[in-house]
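J.: Questions regarding the structure given below will be posed in turn.
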Amino acid sequence: MEKLVVHGGFTLRGAVNISGSKNASLPILAASLLTDEPVVVRRVPDVSDTNFMVQIMGQLGASVERSSGNVRVEARNLHSEAAYEQVRKMRASICLMGPLMARMQRCVIPLPGGCVIGDRPVDLHIRAIQALGAQVQIERGNLIIEAPRGLKGATVDLSGDHGPTVLGTDNLMMAAVLAEGTTVIESAASEPEVVDLANFLTKMGANIQGAGTRRIVIEGVEKLRGCNHTVIPDRIEAGTFMVAAAMMGDGVTLRRVCEEHMTVVTDLLRKCGHHVEFNERGDTVTIIAGKTPKCGEIKTAPYPGYPTDMQAQMTALFATTPGISVVKDTIFPQRFMHCSELKRMGADIKVDNGTAVISGVETLSGAPVMASDLRASAALVLAALKAEGTTEIHRLYHIDRGYEMIDEKLLAIGAAVERLPDDDN
């Protein structure tokens with residue numbers, strides 16, 4: 001294992017290239033199994049989650065070549081059973097269900113792993129595939145799914161307790177593109193990553209209308225073809241670096257971003273007194289930390305609301321912002337494990353019933369802290385940049401799941417960080 005050692009207090013200046021979206025890459029890679037023709041996906045981030053997905057696809061029989069951010073997939077000879085050893089490491093592996101069912105009418109997928117941040121049930125995925133005519137059994141920790149007569153189009157409502165499901169929408173779209181007839185997805189997720197998947201599927205020859213709205217209509221086709229596709233920028237990585245710049249920046253420029261996807265984070269940072277300016281094309285943004293930052297309030301919500309994947313980072317910002325800030329997570333109310341570690345660094349945070357109340361303190365102090373999940377680890381890195389002294393962040397593998405070369409990118413803008421072997425874990 002490795003740890004990240006951060007020496008706090010250094011001003012951040014310079015430029016960073018934002019990677020392609022991890023959350024878009026995973027279902028797009030899975031969707032490449034829908035055709036036996038070659039597919040090339042560009043700007044796939046080199047993070048452990050995409051590496052796991054590539055390994056699983058190879059185990060399923062696909063030929064997968066990876067080079068300099070490009071992934072070439074040719075899935076001529078597939079088999080339908082995914083291995084537990086890789087699937088257990090990544091929650092998003094459930095999105096293999098849709099392509100395998102569409103292509104082979106059968107799949108066996110171990111119930112997946114990933115971040116442990118509260119209940120993330122696969123019930124909606126199961127309900128959706130059953131609506132298309134599949135039979136589902138759970139045996140010895142495996143989902144065994146079969147549709148001997150093929151998948152048939154249907155109307156499926158994906159509404160859940162905490163809003164639309166992104167991976168559920170992805171999975172159902174992928175299953176429906178080769179199904180017989182028309183599939184209508186009600187209460188669909190409208191995140192940019194869902195739209196990117198729909199654009200990729202459309203390039204392959206799928207007939208999809210309404211992606212980006214709450215109602216998606218898919219007319220099944222007989223066959224999909226190969227294509228080339230470039231993944232959208234990672235809005236969560238961009239947001240994380242925007243917050244880092246708001247905490248310690250004196251002119252940090254982020255390239256390869258999408259202004260349209262960053263609206264809610266941009267508006268919040270400006271409201272809290274920080275300077276955020278995009279270029280005319282909306283693909284480059286410069287952030288300068290405000291001299292008189294203000295406290296704020298956020299409530300997570302499905303897109304275009306404030307993303308749950310950005311609440312931990314904003315909590316780190318609020319920890320040293322004067323006044324009382326409030327963070328409420330309506331999507332994953334248990335997603336506050338980072339707060340206990342921030343408190344070890346001197347933060348004043350009270351968490352109750354899915355809400356964190358943060359009283360800003362003047363300074364944080366470096367301390368040994370433990371990452372508990374992907375975005376929590378990002379929050380700890382941000383806090384460490386601001387803290388006085390040295391912080392050691394253990395279980396660095398969490399952050400490597402979703403941030404490409406974060407230590408190198410931070411070094412490029414003036415942070416004092418080093419990745420070291422973790423002898424304590």
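Glycine too: its Cβ is placed from the backbone N, Cα and C atoms.
Remember, predicted model here, so these are calculated numbers, not experimental data.
What Swiss-Prot records for this protein is below:
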{"type": "BINDING", "residues": "Lys22, Asn23", "note": "phosphoenolpyruvate binding site"}
{"type": "BINDING", "residues": "Arg91, Arg120, Pro121, Val122, Asp123, Leu124, Asp309, Ile331", "note": "UDP-N-acetyl-alpha-D-glucosamine binding site"}
{"type": "ACT_SITE", "residues": "Cys115", "note": "active site, proton donor"}
{"type": "MOD_RES", "residues": "Cys115", "note": "2-(S-cysteinyl)pyruvic acid O-phosphothioketal"}
J.: Inside 10 Å of the Cβ of Val122 (UDP-N-acetyl-alpha-D-glucosamine binding site), count up the other Cβ atoms and send me the figure.
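T.: 20, counting other Cβ atoms within 10 Å of Val122 (UDP-N-acetyl-alpha-D-glucosamine binding site).
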J.: For the binding-site residues listed here (Lys22, Arg91), tell me which residue's CB has the most neighbouring CB atoms inside 10 Å.
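T.: Of Lys22, Arg91, the one with the most crowded Cβ is Lys22.
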J.: Using DSSP and collapsing to three states, where does Val122 (UDP-N-acetyl-alpha-D-glucosamine binding site) fall: helix, strand or coil?
T.: coil
J.: Go through Asp123, Asp309, our binding-site residues, and report the one whose Cβ sees the most other Cβ atoms within 10 Å.
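T.: By the 10 Å Cβ neighbour count, Asp309 comes out on top.
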